[in-house]
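Worksheet: the structure to be examined is printed underneath.
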Amino acid sequence: MFLIDVVNKKYQEYINFEEVLKRFSPITGSSYKECFRWSKKYTEVYAIFGGQWPHGSAIIPGGVTSYPLPNEVQKAISILIDIRKNYLEKVVLGGPVEQFLSTVKSYKDLLQWVEDYKDGDLSKIVEFGLEANWHKLGYGAGIMLSYGHLPSEEYVGSPSRKYFKPGIFLVKEKEYKEFDQNNILEFVTTSYYTYSKGDEIGLHPFDGETNPSLTDNSKKYSLTKCFRYRMDGNLLAPEVGALAMLTVSGNPLILDIMDKIGPSVLSRVIARLVRVITYNELMINELKDYDFWKPTYKKPREVNEGKGFGLVEAPRGALGHWIVVKNGKIFNYQMVTPTQINMSPEDPKGNKSHLALALIGTEVSDINNPIEVYHVVRSHDPCMVCNVHMLKLI
């Protein structure tokens with residue numbers, strides 16, 4: 001959906017404008033229509049195992065409700081191969097997926113691919129993005145956070161058992177740090193909530209409180225809590241999403257892009273394309289290796305008292321849920337969404353969120369058509385359901 005902005009009048013004189021207009025115009029664009037058509041195929045795959053999407057009914061505590069049959073697994077593989085051949089290769093890349101994943105390992109390799117496979121959407125996006133200076137927009141915090149994703153073998157909570165490892169990556173320092181969920185804090189100093197022990201403190205989600213307070217307090221301006229990660233005595237406001245996940249996990253292409261042009265609007269768009277291609281191949285390989293003799297359900301242990309959390313890389317980035325159980329009942333439940341992390345309000349020390357930092361200093365060529373601002377915001381694929389700010393008109 002990010003690409004609908006390329007039809008903006010600012011770009012009418014650009015070299016590739018007519019081509020991107022044909023491809024990415026809302027409703028009428030060829031690639032726009034192909035994207036909608038083929039994205040439905042993924043829901044068909046899910047329907048085979050989950051029954052419906054969204055709100056699949058087959059997943060329960062302990063596993064899933066049925067054993068996949070060989071013909072069902074083969075059908076899913078066939079759909080994914082069809083997506084690869086007729087969408088990812090024909091429309092998105094313009095060339096073979098296997099060749100892209102095995103040979104495009106650097107920014108230089110990517111530019112060569114753009115030259116060699118000009119019929120693909122990727123080529124048009126990169127060419128247009130460079131002409132529009134997307135690679136110079138939206139740097140932000142330069143701190144990448146990923147909770148890690150896709151367990152391999154028997155998942156026991158070990159980072160090494162995830163295909164995409166969790167962690168923190170400091171872009172300027174080119175330094176990786178281990179991630180510990182105990183260092184997560186939420187503040188409400190500038191949010192329309194109150195904490196029982198005062199609004200200046202930060203609470204871990206296990207201790208989280210959600211007490212709405214729509215007061216006229218001059219400090220408060222958001223209905224979103226402020227996410228911060230505590231590290232080395234500092235409160236970090238990281239970036240999450242496809243770019244962060246692939247950077248933290250050490251994808252060579254994305255790491256080199258970060259080295260050459262840094263976090264940017266163009267970097268995020270490329271990362272989302274790389275993630276889709278990578279996911280598609282992973283699903284094919286996992287289904288081909290599926291062990292029909294392993295159980296699909298293990299009865300969970302009854303918990304009368306305890307705490308638990310689930311961390312995953314959702315489409316928009318790091319998503320976490322925390323639960324506290326007392327006397328066999330849910331005592332507290334807190335959720336932190338990717339858009340909340342990217343776009344939270346200021347913390348008690350006045351530190352701004354990643355998106356605020358990404359927007360500050362953005363050069364707008366036409367104040368009445370601030371398309372550059374749109375690009376920076378939409379490159380993060382924001383969810384308005386997950387993150388609400390408030391504007392008072394006086």
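Count begins at 1; order follows the chain as displayed.
Keep in mind that glycine also has a Cβ here, set from the backbone N, Cα and C atoms.
Values in this document were obtained by computation on a predicted structure and should not be read as measured data.
As written in TrEMBL, here are the features:
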| type | residues | note |
| --- | --- | --- |
| BINDING | M335, H389 | Mg(2+) binding site |
| BINDING | C383 | Ni(2+) binding site |
| BINDING | C386 | Fe cation binding site |
Could you state the whole-number distance in Å separating the C-alpha atoms of M335 (Mg(2+) binding site) and C383 (Ni(2+) binding site)?
14
Only counting partners 6 or more residues apart, tell me which same-chain residues put their Cβ under 8 Å from the Cβ of the residue listed as 'Ni(2+) binding site'.
R316, T337, P338, T339
Surrounding CB atoms that lie within 10 Å of the CB of C386 (Fe cation binding site), all protein chains:
19
How many neighbouring Cβ atoms, not counting its own, are there within 10 Å of the Cβ of M335 (Mg(2+) binding site)?
15
